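Features as listed in TrEMBL:
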ACT_SITE  Glu432  active site, proton donor/acceptor
DISULFID  Cys82-Cys106  disulfide bond
DOMAIN    1-120  domain 'FZ'
DOMAIN    146-462  domain 'Peptidase M14'
Amino acid sequence: AKCVDIALSSCTDVAYTQTMYPNFLDQKSREVIEYSSEYILISVLHNLLQGECNPDLRLLGCSVLAPQCEKDKVIKPCRHVCENLKKNCLPAFDAIDMAWPYFLDCDRFFAGEEEGCFDPLAKLRGEVDVEEDLPSDLPATFIQFKHHSYSQMVSTLKKTASKCSHIATTYSIGRSFEGKDLFVIEFSTKPGHHELLKPEFKYIGNMHGNEVVGKELLIYLAQYLCSEYLLGNPRIQTLINNTRIHLLPSLNPDGYELAAEEGAGYNGWVIGRQTAQNLDLNRNFPDLTSEAYRRAGIRGARLDHIPIPQSYWWGKVAPETKAVMKWLRYIPFVLSASLHGGELVVTYPYDYSRHPMEEKMFSPTPDEKMFKMLAKAYADAHPVISDRSELRCGGNFVKRGGIINGAEWYSFTGGMADFNYLHTNCFEVTVEVGCEKFPLEEELFTIWHENRDALLNYMEMVHRGIKGIVSDKFGNPIKNARISVRGIQHDVTTAADGDYWRLLPPGTYIISAQAAGYSRVMKRVTLPAKMKRAGRVDFVLRPVEAWPNKLLRRSMEDMYDPYDPLELFDPHAQHGQPEARGGSPPSREKPWWWSYFSSLDLHKPLWLLKQ
């Protein structure tokens, strides 16, 4: 037997190119495999499990049906990969009353690492490195200004984190619909950990897969932060020493792959914009803005930490969207920007018009002054956005200073920026970084230099306003205490260690801190115009016997809905719902998915039926 090319349509995206017949199931040809129940199963698993655990399971099945062949020798897939996937995905099979497939028996068809196995899922994690070798004598500041494939992006982020391991690390917030890790590189003096009073900042790129400039900018920014920190650049060292920075270059790697097939220079407005599920991620978040408008007229109602309505979960929610929402829940972000393409302007919330029928209507948040200040921080540091010529990309916004309220530009619902502001403490703006969504490679160097100082300037804005710790009289931190600013109908809450950050423009404010079971404390604070670091304002709260405002207490304690699907969602494994396990005893009738195998007469997969 010799190695032959893989010609199975459901296995064309495996990380290798050749296989051998017969396979591990003794199927002797491609035709036999294609008409087998095993092959039909891996072809339809994506639909049966509603996208969960895929393409992982399909690639694992391909490694058995069409195993890797090198030098006329078959290599078995790794047992530990099978075991991990079975542990994570078995609940999804239980949920549809299907048995675990026999040909994915981890002991029977898989091998240990000591036997020389291969990882069939390495490609999903970007571990198949297709990056060309670079000369070893390159300077420490070298950045390759090119378009990065998914695996090249992951490789570059990992190499950067390794080079600056004392201040950087990489992690994944979850998986895309097609199973690619959503990689983040983090910079901090204590990577992987929140530090008391150190604000959390994030940039997100490539939310729309065909808008690629933001993705490349964040890859370059990661390399720049690392090299400049090592070279002793005081601005970069101050920034990283006092901030925890998270860069997520590609939120939509599946869409990017589609756009990349068209090639750079193709200024496409559709192909690759959406996810593999055909969802626009910037329309997929909960619409909390409508609820904020409803509350605005109610005396004492807060326009912050609005819970996700149950009706939201009835629709199709992308795993990428869930991953971001879960990320926001576990890290107390203060400031953020999402990088898009197609224009040259900085927009800020609200993005949804206060009158649903008005497509272009100025719709400010309670923090309008602060949002304008944040948007201008990016725009004024960008040499093209701040250029007064109207005969250029973004020229329509010159009279506005290169910034605009999102809903005044055009209104849409389900946006990520509005969700950040209304569900969490985080302020987020949207930066449209250029009129070309997928520019030619030779343009990337210029684009980087136009945006570099603006990216840094905006990050430094996380240190405006006030910060502090809320504790009791014994010094114990108080979590979820509310920090209120008189005249601004939007509170922030304290993190797990009792620390908080409240972005504010210069001015004089009455600040109060309150928590369930404690008395309110108020302070008068003045922030000078030239002050460029957060003022320290701590609060010590004293316990009280009775809570004066039952409505406020309920809003503070019930910050999230008691039934919370987000708590059940594992962004990495994409489990089925745990409560679906067990349940009522299976019916004697064939399960609904049996019809998928109706074309098979003699070889129906009885092994999928639970006994």
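Just so you know, glycine gets a Cβ as well, placed from its N, Cα and C.
Model, not experiment: these values are computed from the prediction.
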Within the domain 'FZ' (1-120), residues counted as helix, strand or coil by DSSP:
53 helix, 14 strand, 53 coil
Counting across all protein chains present, how many other Cβ atoms fall within 10 Å of the Cβ of Cys106 (disulfide bond)?
19
Let me know the model's mean pLDDT on the domain 'FZ' (1-120).
89
